[in-house]
Amino acid sequence: MSSVIRRDGQHLARRWLGSSTSCSTDLAASKVSRDRMRRSYDMMLEKCKSKKLPQDVNARGVFACNELDLREVQVYGFDYDYTLACYKPSMDYLLYKLGRDMLIKKHKYPEGIADLEYRDDFAVRGLHYDIEKGLLLKLDSFLQIQLGAVYRGLKPVPDDEVLRLYKNRIIPIAYVEAPYKHHHDGVRRTKMVQLADLFSLPEMGLLCNVTEYFLQNHIDFHPEILFRDVKNSVQSCHPIMHKLVVENVSEYLESNPDLNQYFDRLKAADKKMFLVTNSPFHFVDKGMRFLVGDDWKSYFDVVIVQARKPRFFTEESRPLRIYDEKNETQLWDRVTKVEKGVIYLEGTVKQLQDTTGWRGHQVLYFGDHPYSDLADVTLEHGWRTGAIIKELAHEIETLNHPTFKRNANWLQMLTALIEDHQNVDGPEAEAELDAWIQERDRLRNEIKHVFNEQFGSVFRTYHNPTYFSRRLFRFADIYMSSITNLLCYSPTHTFYPRRGVMPHEYMSYFM
Ligand SMILES: [Mg+2]
């Protein structure tokens, strides 16, 4: 009796795996001829081919993690960057280039890195970077490393090396989550940091390119120092980025003709609207004029810029200030009420709630960052939340491809076949089973690579949700690829989550 270590590192022993069918097939090794196994395989394959492929998923759909009745929502709040404003790939290239030049000029990194070009298909959002070991990797919802998705520079780290480095496939929780609250932004005392923000994609690209450069040129470096320098370089370039985008907004910002229509619909339904963004006013103003028109402010009852989220949602006292648009400065006046048409900066959610009376489940807030936009408002303030996950469009497009559907379907059926035959005995039967297991491994990797060659789907690590999606589903009531997908639903729509299948329910409902 042999066993195989699969790509995800699970020890697929031919015994002691719980079977989905009866107990009798599990415990005793059974003599099954190779011919009989092949007949079972052929029958299963025929069954798979005869199944109708599932319907396409609507790429403009809104997906519910939790029931949400829009009739209860009186107030709609929005983040700006990557929520209302979606950027073209040119934004990633710009941030990469600015950050790379800053590394050379300010941090005196080797001139040679100026030749390293950004690869927009390399990383995906939600990966973790191990700041001690200098590895970029993908974790699932059980904090397991997805083998085959661990990179040092631009090269994958072999599975045996990953297992040697971490001693285990499961990462201790202290590696990724600080034991105290409200430290999900910026620098944390954990060994791994998660890159959950879309602005961090160029950071990851730069990190991996420079690591690769150091490795190729045999230059010794400390991964943590590199990480801090890359992060600081890219983030310190945001003011320059703001200036360049303001000068040429259509080069960087995707237009969205549906946005006015969506805002008009909310206004017609008598909903209040507010904007809370970390970006500065001149940048937001230019973008909103491009997206919505010069009178964009007339839609919003409250506009708060430079809000310093997530601290905006967590800090008790940081007074709201008034921004003087004419003189481009902030005023010292005490703010006791909020008025439409006035621009505010800083402040706290407490002050926003106290001055407006907007509270709890009557507020629905949209953001693209599952932690800094959505976690605290739902956990601490009971707001309803919507996540804008741009990558969802590509993921759904991939799911809808007939080859993907066929592969995913066959993977499920082949897995069931393997599970039911794991106790076969005799060299011929075992060889047949090994061939099935190898086919399953190939299929799993094929399904992974169609999303992203290196890291696969943003949402899945093979059968499990990713660390990113577990947290997304926890903090978001609904999620969608673009805010204007909501135009497909009336302002009185109730979103119902589907009855998700639990492992013990699978046979009864879904086979
Ligand atoms: Mg944002």
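Each Cβ is built from the backbone N, Cα and C atoms, and glycine gets one as well.
Copied over from TrEMBL:
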ACT_SITE  Asp79  active site, nucleophile
BINDING   Asp79, Asp368  Mg(2+) binding site
BINDING   Asp81  GMP binding site
ACT_SITE  Asp81  active site, proton donor
COILED    426-453  coiled coil
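Location within the structure of each feature annotated in TrEMBL.
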residue : record                   : CB count, 10 Å
Asp79   : active site, nucleophile : 25
Asp81   : GMP binding site         : 21
Asp368  : Mg(2+) binding site      : 26
C-alpha spacing of Asp368 (Mg(2+) binding site) relative to the residue listed as 'active site, nucleophile', in angstrom: 8
Cα separation, Asp81 (GMP binding site) to Asp368 (Mg(2+) binding site) (Å, whole number): 8
Mean predicted confidence [pLDDT] for the coiled coil (426-453): 94
